[in-house]
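**Q** TrEMBL lists these features:
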type     : residues : note
DOMAIN   : 47-232   : domain 'Major facilitator superfamily (MFS) profile'
REGION   : 1-37     : region 'Disordered'
TRANSMEM : 45-74    : transmembrane segment
TRANSMEM : 94-115   : transmembrane segment
TRANSMEM : 122-140  : transmembrane segment
TRANSMEM : 146-169  : transmembrane segment
TRANSMEM : 181-204  : transmembrane segment
TRANSMEM : 210-230  : transmembrane segment
Amino acid sequence: MADSPKISIITTDETDDSGSNRDIEVGSSRPQAPSEATKRHPRELLWCIYAIFVLVLSSFDNQAGGVVLSIPQFRKDFGSPYDGNYVLSAEWQSAYSGAPVLSSIVGLLVSGWLADKIGRKWMFAIGYLIVFVSITIETLSTSNLVFFIGKFVAGFAIGAFTTTALTYLGEVAPRPARGILTAAAGMALTVGPFIVSIVVRATGDEPNRWAYRSVFLAQYGFSATGAFLLPC
């Protein structure tokens, strides 16, 4: 009996983004259960989980910069008195909302091209560097202009993280687990904002700057964890 025909396929290497050839027998192929994919492709699955974590981080960063507008101490420090309370002008509220959207569009477009040139892991590393810079600016800001700059810088990382993580999932996810991982990626985009709401609920009523700076410090924690795990 003739041997089953073989074809060569390209798989994305999970560590250096280079392609590697491997042969499979067409006649012996059969559907795999997700549990079997876990056993056969453990490293690929770990990197997919990491990409999902990056999406949580991205959605956390995206929400954190906007939710501070609901914190009374933030409005007091960056707004002006009005009718016995403090309000932030519509001009600055619009600027805070629009700045990261604009820069994230740039991040989305540039990161797709750049990741193909330098690799996915290096693109993640650049994203973390941008995140640390933006968080530092937001944490230390005492004026609307400085906080606006921090928000604008953060958008580049949000766009880069989103594009790179979703692309990486599409390239690396084993086919039997691809549906589960895709659903997890969508869920990750809601987990970040949920965590932000928990942090604000716990610290938002503090009568000092830490009422909103605590949110930024939580961003440091997420970003530091992701950067630490990246070289693994």
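Cβ coordinates are placed from backbone N, Cα and C, and glycine is handled just like the others.
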**Q** So what's near the transmembrane segment (210-230) in sequence-distant terms, Cβ-Cβ under 8 Å and 6+ beyond its ends?
**A** 50, 53-54, 56-57, 60-61, 64, 67-68, 71-74, 121, 124-125, 128, 131-132, 135, 138-139, 195-196, 199-200, 202-204
**Q** Which residues of the same chain, at least 6 past either end of the transmembrane segment (94-115), have a Cβ under 8 Å from a Cβ in it?
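**A** Those are 62, 65-66, 69, 122-123, 126-127, 144, 147-148, 151-160, 162-164, 167, in sequence order.
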